[in-house]
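> Heads up, here are the entries from TrEMBL:
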| type | residues | note |
| --- | --- | --- |
| ACT_SITE | H321 | active site |
| ACT_SITE | D379 | active site |
Amino acid sequence: MQRALPDLTITPPVAGEKVTLVLHADGKQYDLPVLGGTHGPKVIDVRRLYAETGYFTYDPGFLSTANCDSAITYIDGDRGILLHRGYPIEELAAHADFLEVCYLLLYGKLPTPSELADFGYVIGHHSMVHEQFKRFFAGFRRDAHPMAVMVGTVGALSAFYHDKIDITDPEARMVSTHRLIAKMPTICAMAFKYSLGRPFMYPRNDLSYAANFLRMAFGIPAEPYVVNPVLTRAINRFLVLHADHEQNASTATVRIAGSSRANPYACVAAGITALWGPDHGGANEAVVNMLEEIGNKDRIPLYIKRAKDKNDSFRLTGFGHRVYKNYDPRAAILRESCHEVLAELGKTDEPLFALALELERIALDDDYFVQRKLFPNVDFYSGIMLRAIGFPTAMFPPLFALGRTIGWIAQWKEMIEASDQHIARPRQRYIGEAIRPYVPIAER
Ligand code: ACO
């Protein structure tokens, strides 16, 4: 039976609709065109605003500004809805293999069985890295953060795979895209193995994307690796849930880097740097550190009090989101995955999970969080699951990067192929010194 879909407002393209801007300063008024979309609010087109009025708009953090058209992902943050190419995230997370989602994001449709088999073959064909690439790792300290290693090594792909780096060539673009999807698990697992001082594992193309990654991360050459279907399903889900999230900080960074026509490996490396911060992809790591610092349920009220205190820099990491003003649908799914993984591993009494559940309960009952619509986000439960599987906290952001690579590269490709593509160049409000003459050094 078909599940009822949420009733989302359709915002059709608006023929001739305009908003009128009245500038009282010069007594003039200007008509600004209004653009529709599929879902979501209407959009005021301010592209000609400066040329026509001499005014800029001011919007630090892009709170009210769309930077692009995109047909990949839609979020209704007020209602906690996330769609990829129109499909609800809950359905993709429940049924889709990660490679299916990669195909969907890249090509705009779900693959048929033969299309998926062909796609899997192509991705498998690119899953190894150049043998010389291994030496690159040796230059890093073993205790380097794996995100630092990822930034360096993913950026270095452009030095190894420059045969198909001409971004004006559609075939070259597609090969780079496939290479990034294929090599990212290999590089991510290598970064992990390097930190442990263990041998790298070559990929195995007969395994699913998630199982192959788990084998490269936890397998050792001396023994056969036994695939655990529950853990594989959990990692597959984790990757699906992180695949794309429209114009977040790292994706916007990839688009901005790509707008200068930089190569896709450099753009994705830029995305990894933006993802690293604790307010974005580093939050999953920060959540586990925070839960460990809280330590036990009795100390939760103290930390809730600190999170509410404007004189204290402490925030409840894993809570709040720029777009979601409702429960992040990904957090709800990951909470279920935590239950499944912990049951499979015989760790149902994992104290950190019990602490997280209690923290969520207390926060969602507190006026401060209710009034500000602060709910658990994707990072709140993911770290607990990853830790139970055996990843150290430093590996959480690289795993986020692994899942998000398809979103970055699909958005990069969409941008490069857009008819209306400009180098990204925000404006500013200048508040520095007024013009003044240079003072010779002897006179200062
Ligand atoms: N703990 C306590 N208070 C919070 C939190 C939090 N986690 N998040 C927001 N608030 C408060 C703010 O202090 C502010 O209060 P005020 O109105 O009294 O000044 C209000 O809620 C609105 O918050 P903003 O910072 O304006 O919201 P913004 O959209 O800019 O920030 C962000 C979103 C950065 C995610 C924020 O909620 C946060 O810092 N959360 C913790 C970090 C985190 O979990 N990041 C991961 C995000 S998901 C992702 O990137 C994959």
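Placement of Cβ uses the backbone N, Cα and C atoms for every residue, glycine included.
Whatever TrEMBL says is automated annotation, not expert-curated.
Set these features in their place in the structure for me.
Taking Cβ-Cβ distances under 8 Å and a sequence separation of 6 or more, the neighbours of H321 (active site) in its chain are G77, D328, F375, N377. In this structure, H321 (active site) belongs to neither helix nor strand by DSSP; it is coil.
DSSP gives D379 (active site) a helix state. Taking all protein chains in view, 29 other C-beta atoms sit within 10 angstroms of the C-beta of D379 (active site).
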